[in-house]
Amino acid sequence: MCNILKGEGVIVKRPDPIDWSVKYKTPDFESTGMYGAMPRDILLVVGNEIIEAPMAWRARFFEYRAYRRLIKDYFNSGAKWTTAPKPTMADELYDQNYPIHSVEDRHKLAAQGKFVTTEFEPCFDAADFIRAGRDIFVQRSQVTNYMGIEWMRRHLAPDYRVHIISFKDPNPMHIDATFNIIGPGLVLSNPDRPCHQIELFKKAGWTVIQPPVPLIPDDHPLWMSSKWLSMNVLMLDEKRVMVDANETSIQKMFEKLGISTIKVNIRHANSLGGGFHCWTCDIRRRGTLQSYFD
């Protein structure tokens with residue numbers, strides 16, 4: 001995948017390999033790590049600023065260490081570098097009685113904006129935010145709470161506006177396989193998880209596209225994710241998209257939109273819980289800052 005990106009003219013940088021099996025302990029918990037496979041989860045780039053997300057899983061507390069060498073390089077080249085307040089991840093951050101096994105109960109709680117994380121302290125994963133020029137959309141999820149969203153809103157004001165949107169989803173965690181902006185005025189919206197605020201986009205003249213049903217087989221192992229990773233695509237620019245080589249239906253959808261598909265056969269990596277958008281974090285793009293919701 002990296003070689004294909006390089007062939008398309010993209011500069012590719014990789015995080016440092018770390019032994020995530022090493023145990024660590026804070027005054028509030030002890031854990032081992034998880035991986036450094038999903039830069040989209042931990043880094044949010046807004047303009048010339050790189051924001052390190054605080055995360056919400058204890059296994060991801062030290063995940064930022066895999067990216068520090070790269071972030072220091074960007075800082076030395078002129079980027080702004082911000083780390084959001086690091087949560088203690090004490091027991092109070094988690095609802096100990098959250099109904100893990102009951103989807104029906106989780107639907108009811110989700111409708112009330114309640115999830116496994118409490119409002120004990122700010123927490124968020126970067127992948128619950130998605131950018132559209134001066135407007136940034138975010139969902140309250142299992143890993144992103146309202147305090148975390150409010151921290152981001154105040155931090156980015158007045159240059160950027162942060163909007164909370166929500167979906168019919170009992171287990172939201174990361175927005176980019178539910179709602180994925182693929183260009184100015186163009187968004188993929190998961191038909192299984194409709195957006196409750198979709199009129200906001202339609203009134204602004206946006207085209208809302210429902211991607212086709214994924215083709216990934218039922219017996220393909222998926223951890224912490226769904227088949228809808230098919231829509232977790234990476235836009236190289238407005239006319240090029242990186243997409244799963246096996247997902248021919250969504251390829252045809254993009255081609256009808258006049259977007260050329262760069263096909264990569266890497267389905268086995270979906271089992272880690274991510275897709276092309278998760279596995280990457282675009283640091284620099286050519287273009288100018290626009291406002292699409294005035």
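Even glycines carry a Cβ here, placed using N, Cα and C.
According to TrEMBL, the protein carries these features:
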- D125: active site (ACT_SITE)
- H174: active site (ACT_SITE)
- C278: active site, amidino-cysteine intermediate (ACT_SITE)
Could you measure between C278 (active site, amidino-cysteine intermediate) and H174 (active site) for me? Cα positions, answer in whole angstrom.
9
For the C-alpha pair, I'd like the distance in angstrom between D125 (active site) and H174 (active site), rounded off.
7
Same chain only, sequence gap of 6 or more: which residues have a CB within under 8 Å of the CB of H174 (active site)?
R40, D41, D125, A127, D128, S141, V143, C278
Can you tell me how many other Cβ atoms are located within 10 Å of the Cβ belonging to C278 (active site, amidino-cysteine intermediate)?
24
